[in-house]
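Here is what TrEMBL says about this protein:
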- 7-29: transmembrane segment (TRANSMEM)
- 13-216: domain 'Cytochrome b561' (DOMAIN)
- 49-69: transmembrane segment (TRANSMEM)
- 81-99: transmembrane segment (TRANSMEM)
- 119-141: transmembrane segment (TRANSMEM)
- 153-176: transmembrane segment (TRANSMEM)
- 196-216: transmembrane segment (TRANSMEM)
Amino acid sequence: MVLGVRAIPFTFVAHVLAILGLVFVLVWTLHFRGGLAWEATNKSLIFNLHPLLMLVGFIIIGGEAIISYKSLPLRKDVKKLIHLVLHAITLVLGILGIYTVFKYHNESGIVHLYSLHSWLGIGIIVLFGIQWLYGFLVFFYPGGTIGLRSDSVPWHVVFGLTVFTLAVGNGAIGFLEKLTFLENTGLAKYGSEALLVNFTAVITILFGAFVILSVLSQSPAEDDENSYSAI
């Protein structure tokens, strides 16, 4: 904890931004991009699953997993389980989100892993998987020694925040990349869809910022003595 203020205001703003992000990405994919599909002759509908799964599944649920330690006035063991499960969901949806873009590329005849966004995405999901597995083994089951857990907490926090920050930044890069492709094929640069995509990216960045602010602030007063700072 660095900031001498309560986490609740920051987590509340993060929750609101998460809802806005969900709404915006759904409006973009359903209204402007034509919908979502696992199998379709219009392969763009398959791609549309990617931003939805990565924003909602990987960034938003991942961020909510992080701030669960600061926003929920529950026992340490309960918060640890919630944190673990939400991050497991994050990992599964993140992997699925990456798979959808590979599926889209395969069925559209597009080469893989040619952009910075794709390189970072693969690296981030691998780092996230390592972080989750280490956390599971050390903090949950079978569990490390008291000394190992104590020594691991600050590194778990720093590594987790680093991976989350990279995910938020790469998400913004992804929105920029897709919008650039669309504008190069005729999408109006100042049209409603372009503005929506840009605002979605801004919301993603703000959500990440408020998640980090919540981590740096104080847990609910009734839970301070049992707080657990690991991410």
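From the backbone N, Cα and C atoms, a Cβ is placed for every residue, glycine too.
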* Structure fact -> Maximum Cβ pairs under 8 Å to the transmembrane segment (196-216) among 7-29, 49-69, 81-99, 153-176 is reached by 7-29
* **Cβ-Cβ under 8 Å with the transmembrane segment (49-69): same-chain residues at least 6 beyond its ends** => 7, 10-11, 14-15, 18, 21-22, 25-26, 28-29, 36-38, 79, 82-83, 86-87, 89-90, 92-94, 96-98, 100-101, 104, 121, 125, 128, 160-161, 164, 167-168, 171, 174-175, 178, 200, 204, 207-208, 211, 214-215, 219, 227-231
* Are there 3 or more C-beta pairs under 8 Å linking the transmembrane segment (7-29) with the transmembrane segment (81-99), counting only pairs at least 6 apart in sequence? -> no
* Tertiary contacts of the transmembrane segment (119-141) (same chain, 6+ residues out, Cβ under 8 Å) -> 54, 58, 62, 80, 84, 87-88, 90-91, 94-95, 98, 113, 148-149, 152, 156, 159-160, 163, 166-167, 169-170, 173-174, 230
